[in-house]
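Chemist: The following feature annotations were taken from TrEMBL:
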TRANSMEM  12-34  transmembrane segment
TRANSMEM  55-72  transmembrane segment
TRANSMEM  78-95  transmembrane segment
TRANSMEM  116-134  transmembrane segment
TRANSMEM  146-168  transmembrane segment
TRANSMEM  188-206  transmembrane segment
Amino acid sequence: MADYAQALTFSVGAIIAIIVISNPISTSAIFIALTEKMSRKQKQDTIKKSLTYSAGILILFALTGLLIFKIFGFTIGAFRIAGGVLLFTTAVGMLNPKTSQEEATDVPDNIALIPLSIPFTAGPGTIVTVVVLMSEVEDIMHSTDLFTGLLCALGVFIGIATCLGVTYVMLAKSDLIDGALKEGGRRVVTTLMGLIVMAIAIQFFINGIEDMLPDFMAIVSGS
């Protein structure tokens, strides 16, 4: 029988993690800086392209990320540790944010893909989060039951969709948000998100250590 409480708890956590690590506030700040001279239609086209790219990237890694690791011999524990380190550096950057003008320097013409999709909305941190969450879904399928695991997987995809929806609103209403928050307000929100990302990063690292500890102890015992 499905554990609905576990599925709900996991799904809510997944949604929050994906949104926070994606950091739509930061994406809206760079969007404002890069589209200053664009018409309204050009801005809308850029938003749609960026979110399409981001959706494709995140869904691809959600569906095939674990398979890619198995092909190349990566362990989930190692990836969780690497993801934790990566997210920790991301958090440090969020706690010490650059101005939108600094981030806008030397940006290519196709801003829908780079930098709005990569490395912002579907950056390494978000990809790592999605893949690690799907690895936890696999663990739940084995330890609990298939249906609970499927509900948790659905939660990850809802998290991706919610993240893209929030990002769309932030970009579409970026002018209003910029006027309301100003540079100082964006820094405050980004700093708070940075603290949450840092906590998630540390938890990823701890989970990775726990995953690898049995193998490490077996090697030590064997020697």
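Any Cβ shown, glycine's included, is placed from N, Cα and C.
What's the neighbourhood like for each of these?
Modeler: Remote same-chain partners of the transmembrane segment (78-95), defined as residues 6 or more beyond its termini with a Cβ less than 8 Å from a stretch Cβ, comprise 21, 23, 26, 69, 123-125, 128-129, 131-132, 135, 190-191, 193-195, 197-198, 200-209, 211-212.
For the transmembrane segment (146-168), the list of distant contacts is 2-4, 6-7, 10-12, 14-19, 22, 24, 27-28, 47, 51, 54-55, 58-59, 62, 121, 126, 130, 133-134, 136-138, 140: same-chain residues at least six beyond its ends, Cβ to Cβ under 8 Å.
Sequence-distant contacts of the transmembrane segment (188-206) (same chain, six or more residues past either end, CB-CB distance under 8 Å): 17, 20-21, 23, 25-26, 80-81, 83-88, 90-95, 97, 125, 128-129, 132, 181.
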Chemist: Taking a Cβ cut-off under 8 Å, which residues six or more beyond the ends of the transmembrane segment (116-134) line up next to it in the same chain?
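Modeler: Tertiary neighbours of the transmembrane segment (116-134) are 14, 17-18, 21-24, 26-27, 30-31, 34, 46, 50-51, 53-54, 57-58, 61-62, 65-66, 69, 76, 79-80, 82-83, 86-87, 90, 153, 156, 159-160, 163-164, 167, 171, 197, 200, 204.
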